[in-house]
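A short write-up of the structure that comes next.
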Amino acid sequence: MATYDLIVIGAGPGGYVCAIRAAQLGMKVAVAEGRATLGGTCLNVGCIPSKALLHATHELHEANHNFAKMGLIAETKVDWARMVAYKDEVIGQNTGGIEFLFKKNKIDWLKGYASIPAAGRVAVNGDTHEAKAIVVASGSQASTLPGVTIDEEVVVTSTGALSLKAIPERLVVIGAGVIGLEMGSVYARLGSKVTVVEYLDQITPGMDGEVSKQFQRILAKQGITFVLGTAVQGVERTNAGAVVVHRSRKTETEERLEADVVLVATGRKPYVDGLGLDALGVQMTPRGQIATDARFATSIPGVYAIGDVREGPMLAHKAEDEGVAVAEILAGQHGHVNYGVIPSVIYTTPEVASVGLTEEQLKAEGRAYKVGKFPFLGNGRAKAVFQGEGFVKILADKATDRILGAHLIGPMAGDLIHEVAVAMEFGAAAEDLARTCHAHPTFSEAVREAALACGDGAIHA
Ligand code: FAD
Ligand code: NAI
């Protein structure tokens, strides 16, 4: 039996970052991870592999649609097996990188799935280890629908969709959320006929309404078909593939959609199987998350939880920031996460990004605000690279000019959003952004112009 200051359960972005920060702060740390490689959902079957496929297929799209416009004559062919191998290589480089960081920081990897037989104890593969603190970072798994059986070949979650044997002719995606639209984009670019079936009347619920509408228009132009306001009743396997049975919420008519592959992307739920939390008496929320206080402490002293397994957005960077915060709290410092400034990004083309409050939220709160908007069509750099679609929208307090949120759809939106995030962390006014000199020609100039539009007006609009 080994004794540690901290044992982390799960080596996803929450767990591995927590372990590294704790080791930096002088703790003796171990991480239990049952997967064959470190990095959790994010590195193995989430963020990283999906971005690799998005990158490869974005390049394909550029080659097929924009190369000729620039006088580049190229013939592109897709070698799917090679593309999947490239994606796997990217995963390997990243998961191997975490293993290197564990060694560098003298973090022990306890290989296997862990349980917590008692406070202060973690059992892995028949061995029990002692720990002053335990951080549960066991992540999440895809949630399924009644009447739908996942086989990860024909009826798949994102995990199966990242490693299909062949490019499907017809892909039906259930759920117009982040996974559905990212993976839907990948296969639409590869030539699949993609139909997205969504329960609500809009895509990407919770997103700024204007962005969501334009996003839907752009994706439709890229060949994705949307069937909105319809509830999936079930998926039937057939010899040729599967049939998705869905019923319109307005007309109550039932329709059937044939598919070679069906991607179920209707959300994710916390993963706590095998941890023994029930027996330990850990309090859970009604949504199946581990209940924690503001310092990530569960109802059992010495047991903490971070990342997808507790409340909040299921995002890698949210998990990472909680990992850092809890490590600092355990070291007697004042770890803290500002949940008001957590950016979210969809890595389609164009990218979609947001931070802070949406206009809908501000209206619901009855707050006086102003809107500064700037279209990428007015940005020289965006036009030069055929990415003039989309806009930057900055929301600021009407009286104080303080930035309350930003919503972007356009080139590199996922990077541009951080300029606004930093400004928000500093409590900046829109005028602060507007008065900051921005290099020309950059996409960032569109952010400055939107900030200017919160005041006297953008220059290039
Ligand atoms: P996880 O990454 O889920 O890691 C938990 C780990 O714990 C797993 O490796 C699991 O094996 C291990 N584990 C569980 N139980 C035990 C146990 N009892 N003993 C030992 N080990 C255990 N987020 C973004 O911010 N950006 C993106 O671009 C993005 N893309 C995504 C794409 C897809 C297809 C998916 C599915 C998710 C994506 N996400 C993205 C979400 C992101 O992956 C999660 O928010 C993030 O991984 C959560 O981190 P975590 O550390 O809480 O848990
Ligand atoms: P999601 O919550 O983003 O979207 C699920 C969608 O499915 C919603 O639009 C919902 O209305 C719809 N839906 C639910 N039940 C349905 C039904 N019966 N019929 C039709 N539609 C139905 O969930 P998703 O896309 O599965 O992603 C899970 C999590 O992973 C998200 O919380 C997200 O934060 C994270 N993620 C983040 C990424 C990023 O940051 N770029 C990329 C991929 C995932």
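Each residue, glycine too, has its Cβ placed from N, Cα and C.
Features as listed in TrEMBL:
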ACT_SITE  HIS440  active site, proton acceptor
BINDING   LYS51, ASP308, MET314, LEU315, ALA316, HIS317  FAD binding site
BINDING   GLY175, ALA176, GLY177, VAL178, ILE179, GLY180, LEU181, GLU182, GLU198, GLY267  NAD(+) binding site
DISULFID  CYS42-CYS47  disulfide bond
DOMAIN    4-323  domain 'FAD/NAD(P)-binding'
DOMAIN    342-451  domain 'Pyridine nucleotide-disulphide oxidoreductase dimerisation'
Candidates CYS42, CYS47, HIS440 (recorded positions) - the one closest to LEU181 (NAD(+) binding site) by CA: CYS47
Which whole-number value in Å describes the distance between the Cα atoms of HIS317 (FAD binding site) and GLU198 (NAD(+) binding site)? 27
Out of CYS42, ILE179, LEU181, MET314, which has the highest number of nearby Cβ atoms, where nearby means within 10 Å of its Cβ, if these are the recorded positions? LEU181
Just the binding-site residues from GLY175, GLY177, ILE179, LEU181, GLU198, MET314 whose C-beta lies under 6 Å from any atom of ligand 2, please, or none if there are none. GLY175, GLY177, ILE179, GLU198, MET314
Of GLY177, GLU198, ALA316, which binding-site residues come close to ligand 1, meaning Cβ under 6 Å from one of its atoms? ALA316
Looking at the recorded positions GLY175, GLY177, HIS440, which has the shortest Cα distance to MET314 (FAD binding site)? GLY177
Where the distance is taken from Cα to Cα, which of the recorded positions CYS42, GLY175, GLY177, GLU198, HIS440 turns out closest to ASP308 (FAD binding site)? CYS42
Reading the DSSP string in three states, the entry for MET314 (FAD binding site) is coil
Tally of helix, strand and coil residues over the domain 'Pyridine nucleotide-disulphide oxidoreductase dimerisation' (342-451) according to DSSP? 40 helix, 33 strand, 37 coil
Using C-alpha atoms only, work out the spacing between HIS440 (active site, proton acceptor) and LEU315 (FAD binding site) and round it to an integer in Å. 32
Inside 10 Å of the Cβ of GLU198 (NAD(+) binding site), count up the other Cβ atoms and send me the figure. 27
Reading the DSSP string in three states, the entry for GLY175 (NAD(+) binding site) is coil
Which chain-mates of LYS51 (FAD binding site) that are at least 6 residues away have a CB under 8 A from its CB, listed by sequence? TYR347
